[in-house]
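Participant: Swiss-Prot lists Cys353 with the feature active site, S-methylcysteine intermediate. Per Swiss-Prot, the feature S-adenosyl-L-methionine binding site maps to Gly157, Glu158, Ser212, Leu213, Gly214, Asn294. What Swiss-Prot lists as compositional bias 'Low complexity' is 373-382. Per Swiss-Prot, the feature domain 'Radical SAM core' maps to 90-329. Sequence annotations record features per position, and here Swiss-Prot assigns region 'Disordered' to 357-393.
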Amino acid sequence: MLPEELAGACGIDLTDARRIVSLAHRLGELPARAPATVRRAALDAARSAGEIRTLALVERRASAEDPFVKYAFRLEDGATVESVRIPLERPGRYSACVSSQVGCALACAFCATGRMGLTRNLEAWEIVEQVRLIRRDLDATVGGGARVHGVLFQGMGEPLANADRVIQAIRVLSEPSAQAIDMRNITVCTAGLPSGIRRLAAEVPAVRLGLSLGSVRPGKRRLLMPIDGAHPLEEVLAAVGEHARASGHAPMWAYTLLADQNDTDEDAACLAALARGFAAQHGISPRLSLIPYNAIGAPGDPLPSPDGGDERGASADPFVRSARLDAFRAVLSAAGVGSIVRYSGGGDVGAACGQLARPSAEAQRPGGRRAPPRPGATAGAADVGPSAPPRPA
């Protein structure tokens, strides 16, 4: 909950509300005795308005290869979500990659979460609490002024399918008396929901936008990302352009490379043409982030074949070799389009891009919604306050 909401709900002074929100985010609870900076009556009013709720840390796995850490948090209903602490280039700064849903309904072929199906949306406080707990662990294990500098909505779930709660979480995360994270350091990554993209532009325009492409060729994209059937790329990019103009930020286009599916010179040429066309139309060039596929599922588990058939042959080995990656980038560069190769660390602990997935309590019960049996199928501190828990959200 924001300080203004707490002040209105509890009838307390805004200054007291800001200090109480700060206490809740810093401590994870409201102290039994009021500190000198907060009036006792205000603290009592906030305490009576609702309980502090939190998540249970059930697993912490630090990569042996790089400074990535994966966390598993149990929710109050028994479901579990995963988050990742990502090191940034500047020493002592980290980004928190957070989940917005338990599972996901979109069934993207290269994403482990999509194989879970969707159980439910996360509440705003559950999203914010992931960041608070990652920050607490960072203080305990790294210290020395290390801090969470940014937040990446690219964990489990499609953030814009839960836009109400994600936007509320963003407001709390950026509140100076809460997590105090600059909105410009918050990125929301989407598979392509135009209405949600437009909401970001209208309600939290300072937030950055990431778009997962999969492929820019309609037939291939629809195979890898079934959402393309409901929202074709042309429709999505129109909304992305509106966001770019409203925010002034270049959109990040994430392109997961899969051997023999979307990594040919022709694929690169199509991507370059689309990027150049977007820049010409909207006056802002997208930032291309190439992501070599990270293993999901059981070893040898195949992905959809390039022609969409059930005999998937070559797709059983979807890992792009370095020579092919270099050739792909060379085609982009020759067309005047720059790109970076994203380093997805934490693969040894299942923390790399596309690997987050946990069995949920709902999905394990009869009636729980599961993903289609194969990719490519059609897919359609807590808070302080009376109606929500007292910590972020």
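A Cβ is built for glycine as well, from the same backbone N, Cα and C atoms used for every other residue.
Remember, predicted model here, so these are calculated numbers, not experimental data.
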Participant: Ranking the binding-site residues Gly157, Gly214 by other Cβ atoms within 10 Å, which is at the bottom?
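Facilitator: If we count Cβ atoms within 10 Å for the binding-site residues Gly157, Gly214, the smallest count is at Gly214.
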Participant: Measuring Cα to Cα, how many angstrom lie between Gly157 (S-adenosyl-L-methionine binding site) and the residue listed as 'active site, S-methylcysteine intermediate'?
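Facilitator: Computed Cα spacing between Gly157 (S-adenosyl-L-methionine binding site) and the residue listed as 'active site, S-methylcysteine intermediate' is 13 Å.
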Participant: Please give the S-adenosyl-L-methionine site's span as the largest CA-CA distance among Gly157, Glu158, Ser212, Leu213, Gly214, Asn294, to the nearest whole angstrom.
Facilitator: 19
Participant: Work through the binding-site residues one by one (Glu158, Ser212, Leu213, Asn294) and name whichever has its CA nearest to the CA of Cys353 (active site, S-methylcysteine intermediate).
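Facilitator: Minimum Cα distance from Cys353 (active site, S-methylcysteine intermediate) across Glu158, Ser212, Leu213, Asn294 lands on Asn294.
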Participant: So which of the binding-site residues is most packed in, judged by how many other Cβ atoms lie within 10 Å of its Cβ, out of Ser212, Asn294?
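Facilitator: Selected residue: Ser212.
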Participant: What three-state class does DSSP give Leu213 (S-adenosyl-L-methionine binding site)?
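Facilitator: Looking at the DSSP assignment, Leu213 (S-adenosyl-L-methionine binding site) belongs to neither helix nor strand, so coil.
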Participant: Going along the chain, which residues six or more apart from Leu213 (S-adenosyl-L-methionine binding site) have their CB under 8 A from its CB?
Facilitator: Arg221, Leu233, Trp253, Ala254, Tyr255, Thr256, Leu271
Participant: Taking only same-chain residues 6+ apart in sequence, whose CB is under 8 Å from that of Glu158 (S-adenosyl-L-methionine binding site), what do you get?
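Facilitator: For Glu158 (S-adenosyl-L-methionine binding site), the qualifying residues are Ser100, Gln101, Cys104, Ala105, Leu106, Thr190, Ala191, Leu193.
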Participant: Could you find out if DSSP has Glu158 (S-adenosyl-L-methionine binding site) as helix, strand or coil?
Facilitator: coil
Participant: Restricting attention to the domain 'Radical SAM core' (90-329), give the mean pLDDT.
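Facilitator: Overall, the domain 'Radical SAM core' (90-329) comes to a mean pLDDT of 92.
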